[in-house]
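Asks: The structure follows.
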Number of protein chains: 2
Amino acid sequence: MENVISLVEDRLKNGQWKLTNRRKHILTVLLENRGKHLSVEEVHGLANQKAPYVGLATVYRTLELFLLNDVVQSMDFGDGRKRYELCDPGSGGQQHHHLICIRCGNVVEFSRDLLKGLEPELNMRYKFKVETLQLNVFGFCRKCRPEKGSHQGTV
Amino acid sequence: MENVISLVEDRLKNGQWKLTNRRKHILTVLLENRGKHLSVEEVHGLANQKAPYVGLATVYRTLELFLLNDVVQSMDFGDGRKRYELCDPGSGGQQHHHLICIRCGNVVEFSRDLLKGLEPELNMRYKFKVETLQLNVFGFCRKCRPEKGSHQGTV
DNA sequence: TTCAGTGCAAATCATTTGCATACAC
DNA sequence: GTGTATGCAAATGATTTGCACTGAA
């Protein structure tokens with residue numbers, strides 16, 4: 001936990017940025033909410049359950065700064081607000097993708113491995129050098145999926 | 001061309017909607033701009049190069065109506081505006097995915113086939129029933145990709 | 001000391017909505 | 001005729017920005 005903070009500190013300092021109190025505070029919120037996909041508003045709310053107070057604009061600015069430094073990854077589930085999630089430590093960029101249930105709204109992550117073959121394929125077929133890959137899969141999760149043999153409409 | 005219009009007309013009428021002048025007009029714009037990924041603002045601009053005038057709100061409403069009826073598919077390239085593109089006639093839903101060049105902004109489509117294996121895999125491993133799949137790949141296109149062996153930073 | 005970081009309020013920008021009017025069937 | 005479609009202007013909601021003040025090195 002503590003070493004994640006100093007790891008981020010080093011990463012920021014590489015780019016002449018400071019790890020201020022507010023930024024450390026926001027980072028702590030992200031650490032305490034691993035695995036969640038937080039909107040800016042949510043981070044703001046969580047951060048301000050404790051002192052010091054952090055302004056909304058600062059949360060916006062800090063999350064974008066973290067994104068730039070591969071501290072977080074961002075995603076968009078199509079609900080009109082950007083969401084952020086801590087990257088796994090040690091590696092940069094996109095770690096995994098998301099299965100979004102269109103009935104209950106639950107979000108499940110799935111490993112990047114399932115797309116492993118895709119990058120070389122795009123490289124070969126389209127001469128396209130992949131940097132970032134964002135995949136959203138909308139559908140029905142384990143609990144909400146229609147029963148086999150029965151019929152059920154889309155929500 | 002003409003038969004696409006009547007095809008859409010039938011599809012709308014199934015759901016008690018009318019294919020009005022404005023809607024036909026917007027549909028024509030989409031037909032004349034196949035392969036492009038138009039924002040609402042762009043559709044509005046293109047539509048109003050000819051009579052009849054179409055209000056911006058109508059363009060918004062119409063494109064959402066088309067989306068609902070699988071006449072268009074929508075996408076989001078992360079630039080803060082939704083984009084729309086005509087579906088291939090005859091089939092519903094997502095047809096293909098996009099390679100977005102982060103240097104020149106060019107967008108190339110790639111066939112859904114490359115992800116063919118993914119759906120059954122998600123179904124099996126996660127018991128997830130896929131409905132829609134949105135994949136954005138950001139990177140360097142054929143023209144903009146860094147030369148082999150040389151180094152080039154991200155834009 | 002000095003420049004980056006922050007809070008606040010105002011500004012932006014895409015999208016949505018209320019309402020009176022116009023149009024399709 | 002009757003209910004949907006449309007234009008317009010106002011409302012909304014997420015995000016950004018200007019600016020004066022605060023804080024870290």
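All residue numbers here begin at 1 and follow the chain in the order shown.
Glycine is treated like the rest: Cβ placed from N, Cα and C.
Unlike curated records, TrEMBL annotations are generated automatically.
According to TrEMBL, the feature Zn(2+) binding site maps to B:CYS101, B:CYS104, B:CYS141, B:CYS144.
Tell me about the setting of these features in this model.
Replies: Just so you know, the Cβ of B:CYS141 (Zn(2+) binding site) picks up 20 other Cβ atoms within 10 Å once every protein chain is counted. A coil conformation is recorded for B:CYS141 (Zn(2+) binding site) in the three-state DSSP classification, outside any helix or strand.
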Asks: Looking at the binding-site residues B:CYS101, B:CYS104, B:CYS144, which sits with the largest number of other Cβ atoms within 10 Å of its Cβ?
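Replies: Per the Cβ count within 10 Å, the most buried is B:CYS101.
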